[in-house]
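For Gly166, Arg167, Ser168, Ile232, the entry in TrEMBL reads NADP(+) binding site. Look at TrEMBL and you will find 6-121 tagged as domain 'Tetrahydrofolate dehydrogenase/cyclohydrolase catalytic'. Per TrEMBL, the feature domain 'Tetrahydrofolate dehydrogenase/cyclohydrolase NAD(P)-binding' maps to 140-285.
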Amino acid sequence: MSAILIDGKARAARLRAEVALGVAEIVSVRGRAPGLAVVLVGEDPASSVYVRNKGVATREAGMVSVEHKLPADVGEDALLALVATLNADDAVDGILVQLPLPRHIDADKVIAALDPAKDVDGFHPVNAGRLMIGQPALVPCTPKGCLMLIEEALGDLSGREALVIGRSSIVGKPMAALLTAKSATVTVAHSRTRDLAGHVARAEIVVAAVGIPAMVQGEWLRPGACVIDVGINRVVGADGKGRLVGDVDFASALPRAGWITPVPGGVGPMTIACLLANTLQAARARA
Ligand SMILES: Nc1nc(=O)c2c([nH]1)NC[C@@H]1CN(c3ccc(C(=O)N[C@@H](CCC(=O)O)C(=O)O)cc3)C=[N+]21
Ligand SMILES: [Mg+2]
């Protein structure tokens, strides 16, 4: 048996096409395209792919994308001032401050300064809180995209055993909240978890978001599990060339899983498509 490959690229293309229709609609109603402001501080190599793909996708969906590049040594006050300007700018529907930020800047403070209505990453405490208590919110893009892929594979998730590996505010915690809201039985594993293999063995849904290349072994999986690999790890292969690998050991997982996302071409494209969906959602809510 071999797993069904979940084609995140194709699912993302469909979502982006849906978003483009919504954009056309809001343009006809409001006379202005949704606007996304992306704030980049310094040069983070991990962020560069994302920023490039994102700019293209935003424009393809008919939205306006404006990049604000600040030097790595920019002061926290100057960044907070830019956020205030974007909050007040009526042409800006969504604001994304690219993470990680340099160490001298308090990222929590910057996120808290965002207008929650424009927080298309869903990282503001108000959006995180709303997600936790089941109120309408802007939901973080990566877990939102993962949920779409899981539901497409499995349908109804109620009563399903789900394991989220990683407890970050960006992926693990919101992923657990989304799965819980779908009535899955959710376990959150992390670096202090004892017997990770034992937890993986029970799970019908595994979302791996740890940032350690090929950490989850295929042999651990419950046969037929739906495996969502959030990891995007750049490693150097035997040929000396760089390549991307996930947090799941793909080769050993493939024969055992029921469904699996590839890296690249799985979760990554969904993250970008969900960013566009969130920007449309923010524009609609503000219209
Ligand atoms: N405020 C903020 N929000 C983010 O959502 C955010 C961030 N900061 N900082 C950086 C990370 C990283 N991230 C990616 C999203 C998509 C791909 C992506 O499209 N990957 C493709 C292509 C990968 C490739 O070819 O290199 C794939 O997996 O198929 C990659 C990385 C969003 N991030
Ligand atoms: Mg962690």
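Each residue's number is its place along the chain shown, starting with 1.
Cβ from N, Cα, C; glycine included.
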So which binding-site residues out of Gly166, Arg167, Ser168, Ile232 are up against ligand 1, CB under 6 A?
Ile232
With every protein chain in view, what's the tally of Cβ atoms within 10 Å of the Cβ of Ile232 (NADP(+) binding site), excluding that atom itself?
20
Tally of residues which DSSP labels helix, strand or coil - the domain 'Tetrahydrofolate dehydrogenase/cyclohydrolase catalytic' (6-121):
62 helix, 19 strand, 35 coil
Roughly how wide, in whole Å, is the group Gly166, Arg167, Ser168, Ile232 that binds NADP(+), by largest Cα to Cα distance?
16
For the domain 'Tetrahydrofolate dehydrogenase/cyclohydrolase NAD(P)-binding' (140-285), how many residues does DSSP put in helix, in strand and in coil?
57 helix, 30 strand, 59 coil
Cβ neighbour count (within 10 Å, all chains shown) around Gly166 (NADP(+) binding site):
23
Could you tell me the mean pLDDT over the domain 'Tetrahydrofolate dehydrogenase/cyclohydrolase catalytic' (6-121), as a whole number?
95
Same chain, 6+ residues apart, C-beta under 8 Å of the C-beta of Ser168 (NADP(+) binding site), given in sequence order:
Ala209
Near the Cβ of Arg167 (NADP(+) binding site), how many other Cβ atoms are there if near means within 10 Å?
18
